[in-house]
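Features of the protein shown, as given by TrEMBL:
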| type | residues | note |
| --- | --- | --- |
| ACT_SITE | Cys12 | active site, nucleophile |
| DOMAIN | 12-230 | domain 'Glutamine amidotransferase type-2' |
| BINDING | Cys246, Cys392, Cys447, Cys450 | [4Fe-4S] cluster binding site |
| BINDING | Ser293, Asp355, Asp356 | Mg(2+) binding site |
Amino acid sequence: MLAEIRGLNEECGIFGIWGHANAAQLSYYGLHALQHRGQEGAGIVSTDKNYLKALKGEGMVSEVFTPEKIEAIAGTGAIAHVRYATAGGSGIENVQPLLFNSTTGSLAISHNGNLVNATELKSHLERQGSIFQTTSDTEVLAHLIKRSGYATFEEQAKNALSFLKGAFACVILKEEAMYVALDPNGLRPLSLGKLGDAWVVASETCAFDIIGAEFVRSVEPGEFLVITDDGLRAERFAYPQERSICTMEYVYFSRPDSDIDGINVHAARKRLGKQLAKEIHIDADVVTGVPDSSISAAIGFSEESGIPYELGLIKNRYVGRTFIQPSQDLREQGVKMKLSPVRQVVKGKRVIMVDDSIVRGTTSRRIVNLLKDAGATEVHVVISSPPIKSPCFYGIDISTSGELIAANNSVEEMREIIGADSLTFLSVDGMVQNIGRTDPGPKCGHCLACFTGEYPTNIFPDTVLPHEKEKVK
Ligand code: SF4
């Protein structure tokens with residue numbers, strides 16, 4: 001849906017490639033495919049085996065890079081990042097990959113996710129003499145690596161990763177190798193692919209498709225991959241914990257053409273729509289979806305209910321981001337510029353409007369108003385996920401319960417606030433069973449924390465580094 005004006009934002013996308021003469025250029029295409037995961041900044045760091053070279057800037061991928069600039073960072077290995085500022089502020093210093101130079105070689109990191117113990121780790125590191133240049137969680141990892149005291153980089157990195165708590169999918173670049181790591185709960189998606197002899201890693205498989213790479217497998221929770229010119233070696237930095245992939249990746253964040261752990265996102269969303277139609281019965285004339293992320297669920301709802309699917313709302317793809325201003329008037333105008341009702345489709349009709357989620361409720365209210373202003377006689381809102389009642393600590397910017405309409409209102413109160421004729425949410429069980437994962441346990445490998453309040457990790461762990469423990473004694 002309309003991330004920028006709804007308040008539910010993607011959390012970043014990462015990409016890495018090793019062993020290809022056009023690594024920087026292919027990273028650029030990979031970032032294009034991941035653009036929906038972050039529009040505030042983009043960067044590529046490449047290696048020619050001697051030096052790491054960085055190119056990054058604020059804005060969209062197409063604004064940051066030019067062919068000449070990419071040519072200047074040509075290399076055979078590269079990591080890349082698109083950013084939405086969930087942890088830390090905006091500003092060029094926080095745009096990733098973060099690059100660190102030292103007398104023992106350079107190091108670059110791309111990170112997707114949010115650490116729940118970043119503040120504790122930062123405090124400990126600052127007491128040890130670290131000075132941070134950014135407000136990003138990611139810099140913590142670089143300091144932990146440099147301070148670990150182990151002899152080899154691999155040992156240093158594995159030791160550093162073992163202190164991180166929360167969600168992290170990381171790709172790390174050195175002059176002579178690329179390293180990949182995923183948190184022990186596997187909260188964020190991370191896929192491994194091949195392009196000829198080159199290894200590729202990306203937040204979503206749609207980044208493989210755009211460069212012609214083949215999916216090999218998902219990166220496993222707690223895994224640490226070492227990729228060099230000698231090939232790939234799979235190691236671990238931690239034992240895997242209960243798998244807890246972010247459910248919102250299936251419901252909303254990921255592109256419909258991506259597969260997560262072998263499940264196509266479009267197909268999963270269609271099943272959610274079908275399940276919704278099984279759970280409720282509404283007399284209506286047309287079903288429509290809020291573009292883009294709710295279209296698949298709307299098609300599924302239509303197929304199951306037998307109510308025809310129509311294009312009742314269209315998205316204006318050529319609206320820039322700059323108009324999105326904090327003032328209420330401009331926000332209202334923003335919805336009108338981004339979405340238009342198709343009057344001929346909705347006029348005089350009882351409309352079922354399928355959406356993937358409701359965060360604050362303000363955007364839903366505006367879309368219901370758009371449809372009613374266009375002549376819809378009834379607007380029934382059906383949501384292809386359960387009510388979001390709890391904040392996310394893993395990289396999605398739902399940070400306080402206060403901003404969540406479902407945390408503070410009953411479904412009937414929400415219906416009244418958004419001005420709909422009815423409001424229905426999908427059940428938690430209906431969602432989990434229809435996404436299609438088969439992991440053991442009642443959650444089938446999902447994080448459901450924003451729906452249920454049950455977090456897969458400790459949220460505020462008392463992390464103490466080994467050298468700090470000695471001091472405490
Ligand atoms: S709390 Fe919700 S948004 Fe956050 S990782 Fe879990 S499922 Fe995803």
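Glycine is no exception: its Cβ is also placed from the backbone N, Cα and C atoms.
Heads up, TrEMBL stuff is auto-annotated, nobody curated it.
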The rounded CA-CA distance in Å from Cys12 (active site, nucleophile) to Asp355 (Mg(2+) binding site) is 22
Neighbourhood of ligand 1 - binding-site residues from Asp356, Cys447, Cys450 with Cβ under 6 Å = Cys447, Cys450
Using C-alpha atoms only, work out the spacing between Cys450 ([4Fe-4S] cluster binding site) and Asp356 (Mg(2+) binding site) and round it to an integer in Å.
-> 14
Including all protein chains displayed, how many Cβ atoms other than that of Cys447 ([4Fe-4S] cluster binding site) lie within 10 Å of its Cβ?
-> 27
For the domain 'Glutamine amidotransferase type-2' (12-230), the averaged pLDDT of the predicted model is 93
CB-centroid shell, 8 A cutoff, [4Fe-4S] cluster site Cys246, Cys392, Cys447, Cys450, site residues removed | Leu187, Thr247, Met248, Tyr394, Ile396, Leu448, Ala449
If you count the other Cβ atoms within 10 Å of each Cβ, which of the binding-site residues Asp355, Asp356 comes out on top?
-> Asp356
Ser293 (Mg(2+) binding site), Cβ-centred 10 Å count of other Cβ atoms over all protein chains shown, is 24
Fewest-neighbour residue among recorded positions, criterion Cβ within 10 Å, set Cys12, Cys246, Cys392, Cys450 | Cys392
